[in-house]
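Structure first, then comments.
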Amino acid sequence: MRPADILGIGVLASVWGTNFLLVEEALEGLNPIQIVLIRLILGAAALLLLARARRTALPRGGAVWLKLAGMGLLGQAVPWLLFAWGQQEVTGALAGVYTGLTPLMTVPVAWLLLRERPTAAEVGAAVIGFAGLAVVLAPWSGGERAPLGGQLLCLAGATCYALAYSYAGRLMRTLADGKLSLAAAQALAASAIMLPAGSGQLAHPVRLTWLIALCLALLGAGTAVAFLVNYWLIARVGPVRASLAFYLIPVVAVVAGLAARGERLNPNEALGSALILAALAALYVWERTREARPAPVPEPAETR
């Protein structure tokens, strides 16, 4: 990967990792559906304004919009809602750790849904990662662990991300539109679907402070940036390498939670997080080793 690609991955990890802290602050005055709707609408508005300023046309054709709507729901609206619900019970730092499971979740997802047989290294990394998940969930512990319901919601959100990334690679190969056009259309389609479903929630009482308003504005701006950078990365390096951003999200989320809110992981969460990070590191090293391995040279054909 080139330096620009690594920078893009760092931007994604920073935006997504700090989003958990922003959502946690916003939950002090709004409910999860309100947060997701505002986040989607602000992100879509920013992307549409940028597309208009650059005279970029939106995609045409109902089939394209249907695919982008599915991607927006699976990759943004639904997991954001699941994580926001989960964060009513668990910390943003722990929610960020669950997001780090996404690259590991793609292994069983690709095998079960796409019929892509995993390698031994991928299976090994997934086993270590899911062992870490079991330690984080810690069903054998008493009051030390975070509420199981909130953790399962975060796990479901990570599964949505894995499904979305598995789908994104195929989707990008079938669409010829530019990255800004696709990002704006996806955000708009997801907003259009979520708005009727959750519009009644917008009328519910909110407690809006300057801090909460700032968090919502940053969530909207971050949504626009993440949409653009994500499409840009997938087009340049493919969905597998683009998902490397998820390897860094747990670190960013834990550091942000500790710095801003003094959040600390309990012993089970810390040990489980270490296992998940070890699995991610093993998977990353294996991928780099495979990339560096020279391609076999075909033997010359025999002449008679």
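Residue numbers in this text run from 1 along the chain shown.
Glycine is treated like the rest: Cβ placed from N, Cα and C.
Annotations in TrEMBL come from automatic prediction, not curation.
The domain 'EamA' annotation in TrEMBL covers 11-137 (among others).
In terms of DSSP secondary structure, the domain 'EamA' (150-283) contains 116 helix, 0 strand, 18 coil. Positions annotated as domain 'EamA' by TrEMBL: 150-283 (among others).
The feature transmembrane segment is assigned by TrEMBL to 33-51 (among others). Remote same-chain partners of the transmembrane segment (33-51), defined as residues 6 or more beyond its termini with a Cβ less than 8 Å from a stretch Cβ, comprise 23, 26-27, 57-58, 76-77, 80-81, 84, 180-181, 183-184, 187-188, 190-191, 194-195, 198-199, 201-202, 204, 206, 216-217, 219-224, 227-228.
Away from its own ends, the transmembrane segment (63-83) comes close to residues 20, 23, 32-33, 35-36, 39-40, 95, 98-99, 153-154, 156-158, 160-161, 163-165, 167-168, 171, 174-175, 177, 182, 185-187, 189-194, 223 of its chain (Cβ-Cβ under 8 Å, at least six residues beyond either end). Here TrEMBL flags 63-83 (among others) as transmembrane segment.
For 95-114 (among others), the entry in TrEMBL reads transmembrane segment.
The transmembrane segment feature in TrEMBL is assigned to 121-142 (among others).
Remote same-chain residues near the transmembrane segment (148-168) are listed as 70-71, 74-75, 78-80, 82-83, 85-90, 94-95, 98-99, 101-103, 105-106, 109-110, 113-114, 133, 136-137, 139, 234, 239, 242-243, 246 (criterion: CB distance under 8 Å, separation of at least six residues from the stretch ends). According to TrEMBL, the transmembrane segment annotation covers 148-168 (among others).
As annotated by TrEMBL, transmembrane segment applies to 180-198 (among others).
Look at TrEMBL and you will find 210-232 (among others) tagged as transmembrane segment.
The transmembrane segment feature in TrEMBL is assigned to 244-262 (among others).
Cβ atoms under 8 Å from those of the transmembrane segment (268-286) belong to residues 94, 97, 100-101, 103-104, 119, 121-122, 124-129, 131-138, 141, 144-146, 244, 246-247, 250-251, 254 of the same chain, restricted to positions at least 6 beyond its ends. Feature annotation from TrEMBL assigns transmembrane segment to 268-286 (among others).
Computed over the domain 'EamA' (11-137), the whole-number mean pLDDT of the model equals 83.
Here the transmembrane segment (244-262) lies next to the transmembrane segment (95-114) in space: the count of CB pairs under 8 Å, restricted to residues six or more apart, reaches at least 3.
Long-range contacts of the transmembrane segment (180-198) within its own chain (CB-CB distance under 8 A, at least 6 residues past either end) are made by residues 33-34, 36-37, 40-41, 43-44, 47-48, 50-51, 54, 56-59, 64-65, 68-69, 71-73, 76-77, 223-224, 227-228, 230-231.
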